[in-house]
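What follows is a short report on a single structure.
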Amino acid sequence: MRVYSNNLPGYMDATIDGDLLIRIEDDIIDRNSRLSLEISDERLEWNRIGSKKKGYINSQFLYTLSGQSPMYGEVDYYIYAGFNRVPAGTFRSGSGLCKASVILLKAKDVDECMEGTHDCHPNATCSNTPKSFRCQCRQGYVGNGRHCEDEDECAVNNGGCVHECTNTQGNYRCDCYDGFMLHDDGHNCIDVDECAVNRGGCQQICLNNMGSYECRCSADFVLSDNGHTCISNKGSGNCKKQEHGCAHICQETNRGTICQCRPGFELAPNRKDCIVTCSHGNGGCQHECQDTDNGPVCTCHLNYLLASDGKTCIETCAVNNGGCDRQCKDTQSGVRCSCPDGFTLQPDGKKCLDVDECRIGNGGCDHDCRNTVGSFTCSCHKGYKLLTNERTCIDIDECSINGTCDHTCENTPGSFWCYCNQGYQAYGITHCGDIDECSINNGGCHHTCKNHLGYYECSCRAGYKLHPNKKDCIEAEMCIPLKAPAKAVLTCNKVGDKETCGLTCKTSAHFSSESEDTYTYSCGSDTEYEWTHEKVNATMPSCSEHVNAPSLKRKAQFKFSADKCRLRRRHRERFQDNFSRALSKQRRYPCTELCQVNYVNLRCGNRPTRTKRAKKRRGRRRKGRRREVEGQSGSVIVAEFELQMNPEEPTDKCDVNCVRRRTEKKLRRTVNTLRKSINREQFFVRFAGTDYEVMRRSLKADRGVESICTLGQIMVGDKCISCSVGSYFNMESGRCEKCPSGTYQDEEGQLTCQPCPSEGSRSATGIVGARNVTECGGQCSPGHFSWDGFVPCIPCELGTFQPDPGRTSCFSCGGGVGTISDGATSFEHCIVRESCSAGQYYNVQGGQCHRCPHGFYQPRAGQNFCVRCPGNTTTDFDGSTNENECKDRTCGGEIGDFMGYIQSPNYPGNYPSNVECTWHIVPPKGRRILVVVPEIYLPAKDDCGDVLVMRKGASPYSVTTYETCQTYDRPIAFTSRSRKLWIQFKSNGANSQKGFQVPYVTYDENYQDLIEDIVRDGRLYASDHHQEILKDKKLVKALLDVIAEPVNYFKYTASQARAMFPQSLINFLRSKVARFFRTF
C-alpha cells in the first residue's frame, strides 16, 4: 500500500520522495485475504481481518475534517491511498492489478455522540470512533475528557500578559493599566497618546509620556492646581510668581509658601521637586515598574528587551518571530528583519517579497527561465543540455553516443540527422534497412532482379546477356559497336565471329592517359561477346592536341650572417619577395618572366669555423668593396628555396623536345650565375630591413631536377598532355577522368565539367564523357528507347511505358491494356478500369485495385506494384501509404549481469501495434536491481491498452515493482521489490507512441539502504537540471556507475565531477555516500 498526502502547506516536509508519497507499506495483505481500513480525522488505521497485525499513520497531511487552508486551490478533503497497485511515477495516480477489489464502507457502530449516550464532561467534545467514542477537553480546560477543570492560564507566566491577566472560565483576558491599551496580539500593552485627542484636556500645551501625559503653560502663565488650565503669573502672592520653585502645586499658608505634588508623585527631599512613582502612568514604564529610593525602575516581560531609554520594551525574535516574515535578529534598537537570497525586504521592514530573477536579463539563462519561490531555475530547449553552471545551454552531440544512428550521424544545433548508406532506407528515425529494389517495378530489370544487402543486380535468361546499362538484356552473341573518343580514329575489321578494332589519335594529338600510340580491342566468342576493355571495366582513352614541355624545379640553399636569428613571421614573408627581386637584378640570366621562386624557408644555422688562410684572404679585399654585414660575430641564417623555370610555348621552329632542352639550359645557367655572384661576394639579400651579404661558397643546389605539369595536364613520358574534351583533371587522383553522366566539357585541360542544361523540371542525363552540350542528351529519355540506349531514340509504343533513361526497350502495361499516347513514362499512363489510390496497386490480370499487403506500402496513386518495407520491418496493417508505417517488431535491449537496458520495438520511432515483449533480468547472487525510467511515451487516451509492467514473475499475483500505461516525461528511479524481474510490454491495435528505453543496473545488496536513501529522496528529482541528467545517456551511465558500486564515487576527481554534474547533485550524493560509509 502507498499513502499519498494532500496539498496542505508544509506537506513536502512529510513526504519521502520530495513529491506526494508519505508512506510505503509492503505485504500488508495476503492473497485471498481481506484488509480493514479505518479512516478518521488525520489518522489512517489498517487491520488484516483474522490477524493481529495492525498498523496506522497519524499525519495532518492525510484526510482532514478540519478544513485547513491549502497552499493553493480548493480544500483537499480526499485521502489518497493505493491498494494493491504500483506507481507510474511519484504521483497519486497509478495502475491497479487484476482480481483485486476495494470496498469502501461506513463503519457500522452506534454514534454515542449523536445519541447523547456518552459520558463526556460538558466542557469536553465528543468524537465518534468505530465501536466507541473519544472525549477531549475543550481549549481552556484540562482533564481526561470525562472530567474537565478550568485551566488558570494566568498562573503560568501571567498568561503572557505584560500588565494584568484575568482568568475566566475556559479562557483568560489581558488588560492594561491606565494610559495604555492592548496591542493587536492581545498580550502586549502600548502607550496611549492622550494628547492626540483635544490636547488631552490641556488648555495650552500637552506633552505625552509613556503611560501618562503632562500639561504645560506658555510664558507668563503657570499651571493651576487642576493640572490642566493656565493662570497669569502677574497677580499678587508668592504662588503667582514664577520664583516659588514648586514643580507641581504651590500652596500659600499662614506660615508661608509650601509645595505639593499631584497624585502619583512624591515630594522630593528639597521640598520643591516631585518624583514620579509607579502609581502614575506605571512610572513611565511600558511593562513592569518597581519603586526605589531613586525613583521607579522599569523592567520588561519575558521575551522582551528594555530599550536604551530605560522605559520602552522592545519585542524580541522570541515573540512571533519579531513580526518578521523570514529572518529575525535581536539588536539594541529592537528586532531587525532580513530576507534570504531571492527575496527583498518590503518598506514595512517585516515582509519579504520573492524576487523574480527572470525579469532581469532572463536570470542569466541562455534559454528558458522559470521563477520559483526564493530562487529560479534555468532550462534548455529540446536537444540542448545545461552546463554545470546551471545557466549556459550547449547542444547535445547525440552523434557522440554510440548507436545513435545505424549508419551515419550528423549533429545539428538542437537535434541530429541519421543518414543511411546507398542501398539502405531509414526507418524508426535512427535505423537503416536494406531497400528491396526488386520490389520497385522489378528494379527496372528487363528479365530477372535479385536483391542483396545494400544493392541489387539484374540478370538475363539463357541466350541473353546484360547490356552495359546493367538493366536491359540483349542477345548473347552480339558485340555492341564501339564509338571513337574525341580526336581519335577507330579502325575495325571482322573475321568470322571475331571483331578487332585499333584506336589511334589524329595527327598532332596524343593520348591523355597512357604513352602507347595504338590500342587494340577485340570482341567475339572467346570474349563472350564483350569487348576486352569492358571485361576489365576500363574505358577507352581520349586524345588531346594541347602538348607542352614540363616546368622544371630545383632546390638549393645558402647562408648569411645576421646580428640575431629572430625569424619573425613578417620577416619570413618579406624575405621571399626581397630574394626574388635580387635574382631578377642579375646581369646575366636574371630570374624574370618564366622564372619564379616557389618558396623560401628560413632557419637558424651554425657558424662555420674559419681557417687562418681564409681570414688572410678576406684581409686583401679591394677597397670600396662593400663589407659583409656589420655584426660579423652574429648568428647564421640558412635560406632554403626552390627555383622553377616554366617552358615557352612550342613553335614550328622549336617543338616540345626543343622547348624542354631550352628550359633545362635556362634553369642551369640561372643557378650557376647565382653561385658565381655569391662566390664573388656580389650577392646581397635584405632581411629585417638590413642588407646582408651571402656567405661565400654557401650555395648548395640539388643535382636532381623535378618535372611538373600545370594543373589540367598529366605527364606522359617527358611531355605534358592536357586532359581531352569530355574529361577533367581530378585533383585527388592526379589523373584525367571522364565527365560523369549529366555533365560535359568542350575544352581541354579543365579541372571540372560543366552541368548539362535541364529540360523543364527534369534533369538532363547524358552519356559519360560528353564532349559538348549536344551529347548531354545522349541517353534516351524516359518514355523512349533505342537499340543501345543512346540517341537517336524512338518513343515507347502504345500499351508500353519506360520510367528510366538510357533503356533499350519498354515495359508492357499487360493484360491488353493500352496507354493514352505513345512515349508513356509510367504505369499511371496505362488505361485501366479503375484508378488506384495510394496504399493500393493495380492487378492487371484481375483488372482491379488491391490493398498493399502487410510489409509493403505505396505512396503514389495509379501504380501496379507495392514497395517492400526496408530490412526486417513490416507494417501494422495492409494498405500502408508511406515508409514511416514500416516498423521493426524486434524487442530491443541488452540484458547483462551488471548493466543493461530494455527498449520498445522500433525505438525511437513509434512501436508497432499488437506486439508483446518479455525480458528477464536475473542478477548474480548477492546483487539487487535498480531501474531508471528517464521518460516513457504511451498513448494518453487508449484505456490502458499499451502497458509496461515489471514484477517478480509472469503470474499477475507476483510482487509488482512498476506498472504504467501513460506517458511520463519526468524521470524516476526505483529499486526492484524482488531479486529478479520479469518485464513485459504489450500494445494493442488502437494507438502508438515513441515508447521507451529504460536502463538498469545491479548493485551489491550490502548497499541496499544507501541506494534506497538516494532514489527515494525527492532532492534527486527536485530541479529540472537533475531531471535532465537522468535523461542524458552519458551522464546517467556515470551516475549508475556510482550507484552500482558507491566506492566508484571516489574514482572521479573533483574537476571531473564538476564538469559532469551540478554542485547541488554532487553535494547530494557526497552527503549520502559519506554518511553511509561513516557508519562502517
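Using N, Cα and C of the backbone, Cβ positions are placed for all residues, glycine too.
A TrEMBL annotation is a machine prediction, not a hand-curated record.
Mean pLDDT across the domain 'EGF-like' (109-149) comes to 89 in this model. What TrEMBL records for 109-149 (among others) is domain 'EGF-like'.
Per TrEMBL, domain 'EGF-like' is recorded for 354-390 (among others). Across the domain 'EGF-like' (354-390), DSSP assigns 7 helix, 14 strand, 16 coil.
Under the heading domain 'EGF-like', TrEMBL lists 395-433 (among others). Through the fold, the domain 'EGF-like' (395-433) approaches residues 381-385, 453-456, 869-873, 883-884, 886-888, 906-909, 1032-1034 of its own chain, all at least 6 residues removed from its boundaries and within a Cβ separation under 8 Å.
Here TrEMBL flags Cys399-Cys409 as disulfide bond. Taking the Cβ of Cys399 (disulfide bond) as centre and 10 Å as the limit, one finds 16 other Cβ atoms among all the protein chains shown.
Taken residue by residue, the domain 'EGF-like' (434-474) breaks down under DSSP into 7 helix, 16 strand, 18 coil. Feature annotation from TrEMBL assigns domain 'EGF-like' to 434-474 (among others).
As annotated by TrEMBL, region 'Disordered' applies to 609-632.
Taken from TrEMBL, the feature compositional bias 'Basic residues' applies to 609-626.
Feature annotation from TrEMBL assigns domain 'CUB' to 891-1003.
Panel annotation: around the domain 'EGF-like' (354-390), residues 340-344, 396, 398, 413-416, 1023-1025, 1028, 1032, 1058-1064 of the same chain, lying at least six beyond its termini, place a Cβ under 8 Å from a Cβ of the stretch.
Remote same-chain partners of the domain 'EGF-like' (434-474), defined as residues 6 or more beyond its termini with a Cβ less than 8 Å from a stretch Cβ, comprise 421-425, 480, 528-530, 534, 788-789, 803-804, 806-809, 811, 827, 856, 864-868, 870-871. In sequence order, Glu398, Cys399, Phe416, Trp417, Cys418, Tyr419 constitute the residues six or more apart from Cys409 (disulfide bond) in its chain with CB-CB distances below 8 Å. Secondary structure counts, DSSP: the domain 'CUB' (891-1003) has 0 helix, 53 strand, 60 coil. Remark: secondary structure over the domain 'EGF-like' (109-149) totals 4 helix, 17 strand, 20 coil, with classes taken from DSSP.
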